[in-house]
Amino acid sequence: MHLVDRVGANAPHKKYERVTTQPENPFFNIVHNQSVAIIPSFTLESGVILYDCPVAYKTFGVLNESADNVMVICHALTGSADVEDWWGPLIGPGRAFDTSRYFIVCCNSMGSPYGSASPCTLDSTTGRRYGPEFPLTTVRDDVRYGSTITMKLGCLLTYYRIHKLIMDDLGVRQIAVVIGGSMGGMLALEWAYFGKDYVKAVVALATSARHSAWCISWGEAQRQSIYSDPKYDDGYYSFSDPPYTGLGAARMSALLTYRSRNSFESRFGRNIPDPSRHPYINTSQPPSHPAEEHYDIHNEGFRNRKGFRRSSTTTSDAPPSPTRTSSTSSTDAITPASTTPLHPSRAQPSGIATPPNSVSDPFRPVKRPCPTYFSAQSYLRYQADKFVKRFDANCYIAITRKLDTHDVSRGRTSTLHEALAMIEQPTLIIGIESDGLFTFAEQMELAEYIPDARLKRIDSPEGHDAFLIMFAEVNRYICEFLREVQPEIMGKEGVHVESKVGEIRASTTGEVEDITHW
């Protein structure tokens, strides 16, 4: 699917250089047909200055003559600027993201590997990738400007946030609505603080007014998974040998928070994968010794294992030689082990049967009394394997730390509720009853303290990811809200947009399949 990407004839000449490649970043080409603006210098909230700072974005639809039919969509943690990739069923004429009525803009957040400044992009001052030296960026760095500050020389300076610079460069005069879920909902709330004269309405799904201790803790556990991978190397790893194991473990942990216990139970229960496809655990051949069978069960699922090693004949701490290399081992082939008996110091008395690993009586694996490999495990491993091919470990660390900075009251008011009361726009809050990450109680809090808010509930057992799964409900709630608060846009006949809207296509990042095809 490719939607028209253009602005009205009144759009000004673009101020910032545009590029179409990012050769230093192996993840850039995962997102198709995106634009990248290069900001010559940009000052972060921390005071750090980024030079030649890239911002990736995509647009859909047409900017009208008054430049005020703009819909900004903000992506979630591992999303990109390609809305079609993760919210495709909602985009197109007559749908919530109506390309015949709105000019839709989605910018990639800093820290993400999909084109904006991140650990994967070049530091122009050194000519090298930032890697672990990429500075902390906040939700506010992405979105809004800070207060006007009186400088030492008496002049006034306003710090503009980076997505606002893109809006200005596209000729946007007013934003009709900002929409985002999860991390994107955090950005949507921050957009509201531009005021109702610039941002007319807000839709926030499955998000919070500030990142909770629960969410901070999950992010920490996921980062520690990455740190524990020896290949992480303080973040100075090469793209040819990244910390896949740690990043995969972090993704597994995250997936458990995106669903609910009941959704996992109903989908998997205690089912096991097809035994005909997995005759031997982690190997392509049966075990040759009882200890090897025990080893296989014990290490099943460990991707970096080196292979079964027969016990040593000495008391030395030196590792004994492996007998074979597992099919999942990342090491080179290893020479066969000695034929020395397992415990020669414990000689068998006369009359005792020969051990089952002898040549005369080859070992036969015993029938296991219970399953040791379940479909739920298979699902997590499969999704982790997909994810590590499309995401970067340093970026995962950077963007989860960005989440930790989120608190709409920080630097604004003494209490959270006072900060929410500052939001003047009509606001739609959508929550999921079974969401254990951004709880429904947090959505109720947003709706209670934002003065012109209304709350909609999604009754789904699918947990947090329901905001990306329950397309019909989300589409209906957003359309109803926009017809209520923006009749001047929704009441007009839409312009013709050449597109293949509604066409089902494969997700380029795998985000759609990860969420819906489980």
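Glycine too: its Cβ is placed from the backbone N, Cα and C atoms.
Because the structure is a prediction, the values reported are computed rather than measured.
Quick look at what Swiss-Prot annotates:
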- SER182: active site (ACT_SITE)
- SER182: active site, nucleophile (ACT_SITE)
- ASP435: active site (ACT_SITE)
- HIS464: active site (ACT_SITE)
- 290-303: compositional bias 'Basic and acidic residues' (COMPBIAS)
- 310-341: compositional bias 'Low complexity' (COMPBIAS)
- 69-468: domain 'AB hydrolase-1' (DOMAIN)
- 267-365: region 'Disordered' (REGION)
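Positions of Swiss-Prot features highlighted on the structure.
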| residue | record | Cβ neighbours (10 Å) |
| --- | --- | --- |
| SER182 | active site | 28 |
| ASP435 | active site | 26 |
| HIS464 | active site | 23 |
Distance [Cα-Cα, Å, rounded] between SER182 (active site) and HIS464 (active site): 8
Distance, HIS464 (active site) to ASP435 (active site) (CA atoms, angstrom): 4
Secondary structure composition of the compositional bias 'Basic and acidic residues' (290-303) [DSSP: H/G/I, E/B, coil]: 10 helix, 0 strand, 4 coil
ASP435 (active site): secondary structure state under DSSP, collapsed to three categories: coil
